[in-house]
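See below for the structure under consideration.
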């Protein structure tokens, strides 16, 4: 990646000189605020959010793993979603916390690529997993008598494995395509993590091919998963409308309400960030959108799936009784 040489008094960087150009070896992540007075406050806020997110998601994973009453397809998918959210927030938050307590805002080229790659793995995998969860809810509501046979252990495992495989393959294409670009100007990224949009803004090469490849990868994944979710929920809605009793309709809807909220939060923030025309591009708005799907969504998902879930509440109650010292 080629940068013209430039002087910087605020930051120092390690570059390799080749001819009259400089090969970049690191980026500078500005984060949320350059004001040093805000750094302790931001550190405290993000540390609190990080600890709550980790504890919430790992509690769900452990409960689903250890309680035999939660060994069902629905909770199998919820457990994998919680693991993804645990992974997602861990890709970004430690670097955010480190930048809040250190004046060194640098991230190596390899570190930037790794951060983009692993964030893409989680994002793409979650797209596929949410579609698989919609199919699970479709099978439970539309064909309840055949549900156990339809959502077999082999099928559930295959859907989750396929989600991860698709996530890794898409992430490889996304990351490799991004880092084939040449960048010009200062190596300063006005963001709190290495994401494709701010990197593309720094590119000094023609991004037409990049945009076509990225549109194909992102477009296929997002549109295909949204289409699968929409088809599932149209069938679910039709099945609910055929239920005669109000209590039956309420119970059927409540089984998929949490998933529907999670879908709207995740895809809403992604579409807000990536579907807007370039003329309306704003780094500040992108920071807010990125903060939502990288930090807020993983924080909210454990609450969404557990607050009104009697099975998880009961499993948590039994777990706390088990670990309490006998008196």
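The count begins at 1 with the first shown residue.
Any Cβ shown, glycine's included, is placed from N, Cα and C.
As recorded in Swiss-Prot:
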TOPO_DOM  1-43  topological domain 'Extracellular'
CARBOHYD  20  N-linked glycosylation site
TRANSMEM  44-64  transmembrane segment
TOPO_DOM  65-71  topological domain 'Cytoplasmic'
TRANSMEM  72-92  transmembrane segment
TOPO_DOM  93-113  topological domain 'Extracellular'
DISULFID  112-194  disulfide bond
TRANSMEM  114-134  transmembrane segment
TOPO_DOM  135-152  topological domain 'Cytoplasmic'
TRANSMEM  153-173  transmembrane segment
TOPO_DOM  174-212  topological domain 'Extracellular'
TRANSMEM  213-233  transmembrane segment
TOPO_DOM  234-252  topological domain 'Cytoplasmic'
TRANSMEM  253-273  transmembrane segment
TOPO_DOM  274-286  topological domain 'Extracellular'
TRANSMEM  287-307  transmembrane segment
TOPO_DOM  308-327  topological domain 'Cytoplasmic'
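Contacts of residue 112 (disulfide bond) defined by a Cβ separation under 8 A and a same-chain sequence distance of 6+ are given as 26, 27, 194, in order along the sequence. On the 0 to 100 pLDDT scale, the topological domain 'Extracellular' (174-212) averages 79 in the predicted structure. Break the topological domain 'Extracellular' (93-113) down by DSSP state and the numbers are 14 helix, 3 strand, 4 coil. All chains included, 25 other C-beta atoms sit within 10 angstroms of the C-beta of residue 194 (disulfide bond). For the topological domain 'Cytoplasmic' (234-252), the residues of the chain that approach it from at least six positions outside its boundaries are 137-138, 141-142, judged by C-beta separation under 8 angstroms. Residue counts for the topological domain 'Extracellular' (174-212) under DSSP, helix first, then strand, then coil, are 16 helix, 4 strand, 19 coil.
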